[in-house]
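Among the features that TrEMBL reports, [4Fe-4S] cluster binding site is placed at C296, C376, C392, C432. The compositional bias 'Polar residues' annotation in TrEMBL covers 472-503. Residues or ranges marked as compositional bias 'Basic and acidic residues' by TrEMBL: 517-532. TrEMBL lists 554-567 with the feature compositional bias 'Acidic residues'. Residues annotated as domain 'DNA primase large subunit C-terminal' in TrEMBL: 286-455. Per TrEMBL, the feature region 'Disordered' maps to 463-567.
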Amino acid sequence: MMNSRVNYLNAKRFTGDLALEHIIPHNVCFYLIPPVVDLTIEEFEKLALERLKMLRLLEQVTAKHPKVSSDAWREAVLAEVNHAGLRTFAKLSRGNAHDDGCKVARRKDYLSHFILRFAYCRSEELRRWFVAREMELFKLKFGGLTMRDVKDFLEVYELDYKPLSDEEKAEISEQLCASTANQTRLKVETNDFYAVHFTEVLNLVRDRKCFLKGGTAYISPEHFAHVIGKKHQQLIEDGLKGHLRLLPTLEIDERFSMLLKSIHTSYTGKNYAVAKTGNVPVESLDQLSKKSFALCMRNVHDTLRATHHLKHVGRMQYTLFLKAIGVTMEDALRFWREELTRGKVPIEKFEKEYAYAIRHNYGKEGSRINYSPFSCMKVITTPIGPGETHGCPFKNLDASSLKMKLTGYGLSAIDADDVAGYAAKGHYQIACSKYFEVSHETKLDEGINHPNQYFELSQLTMEGKEGKPRQSHASGNQSGRWNHSQYNSQGTQDSYQADSSTLHGGADDDQELWEIMESKEKEGDVTMREDTAPLSDTATAGKKQLTPKQATQEWEDDDFDLLEFNE
């Protein structure tokens, strides 16, 4: 099929970007040959995070529009791509072209794909997620091709498929109209149809959705994209296995090892590391938590108010969130002092130990790191233990407990079932977005990726500012939308800010803070253990006990149907 092209490229000794022009002569490409180019660590990371942002966008849109390749799905994806400023993928989705802009976009697309292969080859779970998202991206790009573009693609990769000639279509036009859904005689005459062996489209043969004659199936352009997609999927799956074998060699360099391991949980939205000027008094937190806190932060806040105690990770998660919404360090110290001393923490112990950790969170002690608040991915992936209430409730609560909590927070039984349904399938951020929509009685077309993003969107919605969430994709004016990751005129500036605790060695800084907090708490653990019983009856009721096997997200078959595309 494509062997002659591979052999030709291997025989030629191309270097750097010259090689890429020969490897990727089309906007839609098979990722056949790993590129040999020089990249800085910064370029490596930037390319990875840009593609990761695109793949996450596809996941969110597909959760709302499950019929991939439908007009509604494609329109929704392109609207979000344009809003997010993902120019590379927007250009590649408009058909094939050969201008300089397309060549730059092809280069970024090709390099970023192979970078993420190294990040997503290490486990079956990650491989399945990556393949599912890459196939959605392929469908987006292939769906933008004209009939001439498709012919060029087949010629480039030497695929033995040709559209039927006008004479061949005329002979079987009646059968094509009768066997293919939504096809009129005019569509049959104007669209390309392809002849393939029936074994390549067994699902169509089974469902009687194509004309079959003499072992040959005659299929529409939409179904032909499915045939090409299966070949593309097999190439990616085989490539991931090859990358897995190479991974130990690459991870000898600790810089790459840390970066690749943290990519999947990296945050790709607005940078909340810089706190707002203090404008949120702690006296307003109770009221704000009821309307403007994401469920994870409201759960932590309510637990703190009820028990006057949080474990160290919960305190860190909540303190960094409060810092980012605008609570000053002085107010935060006062807030935590009042709450914790109502429990079992003496004032002397608080001033000596807990206050230090709070000042550390604000970057005023120790290494004086400006810690980022936890993003959704970090909240979701941070492990929880007995008596702990941090983390994502959509992940950590079982279905009945989650529904009970949601109805207790004012959602109707129907809305609670809807939100819990997304959570049950592993779509935790989609569930959070749905929770926002129900709570605020508005449509939110962009996904929730950060608890502080949730807070700001809530405030903008309630205040009725021009920056409130967009109501419809139909509007051409995007200046009124809340923009949490946008290109500027020079490029991507700070669009792909990762948590300071996940990239560039920041994990060591994060670990420093965690170790400080853990050591300070060990002395009080024995005393506090008696207080965990009422906690388990209230805030942590129904929380799943995760075994090592359960700790890894199980993927639903209906989420990632890799072998059968939605038709």
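Each Cβ is built from the backbone N, Cα and C atoms, and glycine gets one as well.
Shown in sequence order, A294, L295, V379, I380, P393, F394, K395, Y428, Q429, I448, P451 are the same-chain residues outside C296, C376, C392, C432 whose Cβ sits within 8 Å of the Cβ centre of the [4Fe-4S] cluster site. Within 10 Å of the C-beta atom of C296 ([4Fe-4S] cluster binding site) sit 27 other C-beta atoms, taking all shown protein chains into account. Around the Cβ of C376 ([4Fe-4S] cluster binding site), 24 further Cβ atoms fall within 10 Å across all displayed protein chains. Packing around C432 ([4Fe-4S] cluster binding site) is summarised by its Cβ count: 28 other Cβ atoms lie within 10 angstroms of its Cβ, all protein chains included.
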